[in-house]
Amino acid sequence: MDSLAGLVLCGVSLLLSATVDGAMDLILINSLPLVSDAETSLTCIASGWRPHEPITIGRDFEALMNQHQDPLEVTQDATREWAKKVVWKREKASKINGAYFCEGRVRGQAIRIRTMKMRQQASFLPATLTMTVDRGDNVNISFKKVLIKEEDAVIYKNGSFIHSVPRHEVPDILEVQVPHAQPQDAGVYSARYIGGNLFTSAFTRLIVRRCEAQKWGPECNRICTACMNNGICHEDTGECICPPGFMGRTCEKACEPHTFGRTCKERCSEPEGCKSFVFCLPDPYGCSCATGWKGLQCNEACQPGYYGPDCKLRCSCTNGEKCDRFQGCLCSPGRQGLQCEKEGVPRMTPKIEDLPDHIEVNSGKFNPICKASGWPRPANEEMTLVKPDGTVLRPKDFNHTGHLSVATFTINRILPPDSGVWVCSVNTVSGMVEKPFNISVKVLPKPLNAPKVIDTGHNFAVINISSEPYFGDGPIKSKKLLYKPVNHYEAWRHIQVTNEIVTLNYLEPRTEYELCVQLVRRGEGGEGHPGPVRRFTTASIGLPPPRGLSLLPKSQTTLNLTWQPIFPSSEDDFYVEVERRSVQMNSDQQNIKVPGNLTSVLLNNLHPREQYIVRARVNTKAQGEWSEDLIAWTLSDIVPPQPENIKIFNITDSSAVISWTILDGYSISAIIIRYKVQGKNEDQHIDVKIKNATITQYQLKGLEPQTVYQVDIFAENNIGSSNPTSSHELTTLSESQAPADLGGRKMLLIAILGSAGMTCLTVLLAFLIMLQLKRANVQRRMAQAFQNVREEPAVQFNSGTLALNRKAKNNPDPTIYPVLDWNDIKFQDVIGEGNFGQVLKARIKKDGLRMDAAIKRMKEYASKDDHRDFAGELEVLCKLGHHPNIINLLGACEHRGYLYLAIEYAPHGNLLDFLRKSRVLETDPAFAIANSTASTLSSQQLLHFAADVARGMDYLSQKQFIHRDLAARNILVGENYVAKIADFGLSRGQEVYVKKTMGRLPVRWMAIESLNYSVYTTNSDVWSYGVLLWEIVSLGGTPYCGMTCAELYEKLPQGYRLEKPLNCDDEVYDLMRQCWREKPYERPSFAQILVSLNRMLEERKTYVNTTLYEKFTYAGIDCSAEEAA
């Protein structure tokens, strides 16, 4: 717990450090704090270039509740642009007494400076207006008696009584002792006679640093910089707060007389300089006179030999150097130090060099440079850059060039909102200097329209690049036309263009290309984002390649190439040309001519264990187009080598994960994992056979706790099995202790159950009779409901095969699925339920291993269409195979005519509920406020969910499956918080699917073409993915909350889209908008979406802001609308 608190304090310290560095130079000047009949004022001054909200001056009711309530007349200071002022005329002297503050805000952080005013005719006067001490100091707060009265003296803290002195014991100096001061002792202390009031009270303010002397940090264990000239060490940052008249990292550098501020740029313009001005700075400094002045009114000059704020510093100059009451010892050339006690090169105030007043940059990466001179030369940690929002940047690179210190800063992504006044700041022992400069961030240009294809041939295309109009800033320096084949994983090619019409040459025949335009503006990083993509296909020059090509090993020296029958459109003679070449030996190449009426060819006389590349084309008098390359190995002539790199990890009390690697070229068809309890007979082992050789890890489940197992791994091919690997030991963890014996309670329970046994038995028998009657009634009603149906059953089962009776000309082959035995399923809890289906958690046994599973089944009232869709889900899962981002099939079971589908169990439920549970401001407001977060999920976790779904959908699209119901409710969150796509009941295996039946539709997730024409493609899945991404960013909000489905039908074709969530970065929302383009072919593919999300994850930028900010609200949830969809 202490470590956690330390981390939290450390985070707070870092935030405060950034705030102090980036804060405005805020100073409160209290003119004549002792009020008489003269005019008095408060002036609050801020640096003009600093980013801040308007500064304010007000009464400090936290310190004194019972002061005047009248609002202050705050006006703009006529002599300074960034200053506010309150002036009291002589006639309002009676309303002045009290505590006041000046406040400014930077990046939402408030900076408040406090001061007080009191009557000069008060009965007592404080020794000082403020007093700053370290934690643990012994403090005497003293008031000087001015008027003598026969009354008790009373002392208050923050308006509450704490102490009194009998009237005959009131001393000339009234003291309040605070031993071992702590932060809670800080506050405004006041003294008066008991018969007096606020207007006869004297005030002083005690400031207690959070740390002991010369310490700072969250745990007060770091040593402060040695602050000179009565500077104060800030307990949160370790930096020196310099008194008025001094500057620099250690406050050693004296300003010119009558100047003040962090960089000594402010000046007291009155004839007598800063006389009668009390300067108040942020805590823990408090208030003091400017250097050279002392007294409560700061109207007394320092005595000879003294200098500094309140004249508390003694010169003690060496070598007869002169003492100045404003600057201290004035050292002659060659001398330095507070007392001129050191020899050396005279110190020079830093100066910022070669920094232009205005810089124009392009959005993207930006590396500004600050150069500074001075002596000693500024160091790395002494140079900073302040953004317009107050963020302080440290140098990424630093070096010395001649007499200059050069600091290079890095902004990974600068955007137009970053335009404004930036400040280069240098703070050394020789002083501090800041120079503001203006940065104008330009938006990179992007064409609004896709290029137009004017003409195409088999190897060329004529393009109108349509570079105007464009979004963003000009002028345009150059233009690029980017293009590449659609189905090839290769980089974009580009050509520079000067005219609007350009010809692309040397293209591949009968190939689909995509192209777009990129505009470049002046300046570094001026390349804009590519514009909308246009696709086109070049013409053919010959017959297309054979369709359905397949290359499989036949023997150790033979490969079998097959294809679909060829039906050419012309009557010309044709043949199939097959080219075969070896990967290992470039010289081994053969071309074979196959008669056109054949659909296969055996490639003979090959070498065992060798990889070959094969392609084919259909030739007539002209040569046809080559097919894509097919690659296959011949079968091995030797047993495979042992699996390598065996690793066992993620060991629990009942499971462990084993991984391995295998060598290519040995025709490995299966991996066998053999394990047994150490010490048992060889015939008591368990074999797990993994027939997919591409799988390289497996989780053993159903192990006994705290048991040593012996594990061997074999590889198997057409020749036989490899030798086993050297045995590996696996020791499972111990199981958690069983609950303690209930003892007497258990016996009492048995007694109660025994005495009530007959009653329970009677109730049970009655219940069973009623259940049987109800079941008979249900069966009768079901028979009546379908008595007129003469069709065959929707689903037919037969020993591990599934046949769907569809109304089609050609019934497909039955689907083969992994069979589970009914007795190997142990049902546990219901975890989900709908109108016609139910999902239960179960413990199943598969391949001898026990594991958790989710079992899906249909209810008795489900229709034939529901049963057909459910069986279709099994068919889809069988065809899809295994992928980490889809819910994978474990097996299926037919029992009494019903299908039970076993899939992976996702312990964290569906993504929609998971997102809504993360809304911690609704579920645990105290935690949300304490941690300043609106969600238990980070930006990275949310983007990982989005990337997982995109990866799974890319796999589905490659398998040419359409999901049709992609939404957060149909995404499950598995182990290690991996998102997995589920609910394939509506999936189809065609490239384009037209829905012809009515039913409940997920309208809020459907693409325009699906709503209007009931057409579903992978592109319509992309639209749904964009809505799902919106659900993730909005933490489970309802899409189009507050709108009816009828309104959606009307507004979507008019260009209306989901609004950008407040916590969403522009780049993520732009990705959503791309998914919602009206023309399906203009939407990105899932592979492109995944590339964009992976780049965002690598940049580790906060693309989804889950920080709790002021007036934060979650996106709306309308469950009734979701059900209606």
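Glycine residues also receive a Cβ, built from the backbone N, Cα and C atoms like all the rest.
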Residue from N158, N931 to which Swiss-Prot assigns N-linked glycosylation site: N158
Per Swiss-Prot, the disulfide partner of C44, chosen from C10, C102: C102
Inter-residue Cα distance where the pair is C240 (disulfide bond) and C340 (disulfide bond), in Å: 22
Other C-beta atoms that fall within 10 angstroms of the C-beta of C44 (disulfide bond): 26
Candidates C211, C233, C331, namely the disulfide-bonded residues, that fall within 10 Å of C317 (disulfide bond) by Cα distance: C331
Neighbouring C-beta atoms (10 Å sphere around the C-beta of C227 (disulfide bond)): 22
Neighbourhood of C302 (disulfide bond), C-beta criterion under 8 angstroms, separation at least six: G292, W293, K294, G308, C311, R325
Chain-internal residues, separated by at least six, CB under 8 A from C331 (disulfide bond): E321, G337, C340, P346
C224, C268, C287, C298, C311 as disulfide-bonded residues, winner by CB count within 10 A: C287
The one of C211, C220, C233, C255, C317 whose CB sees the fewest other CB atoms within 10 Å, among these disulfide-bonded residues: C220
Integer mean pLDDT for the domain 'Fibronectin type-III 3' (642-735): 86
C424 (disulfide bond) in three-state DSSP notation: strand
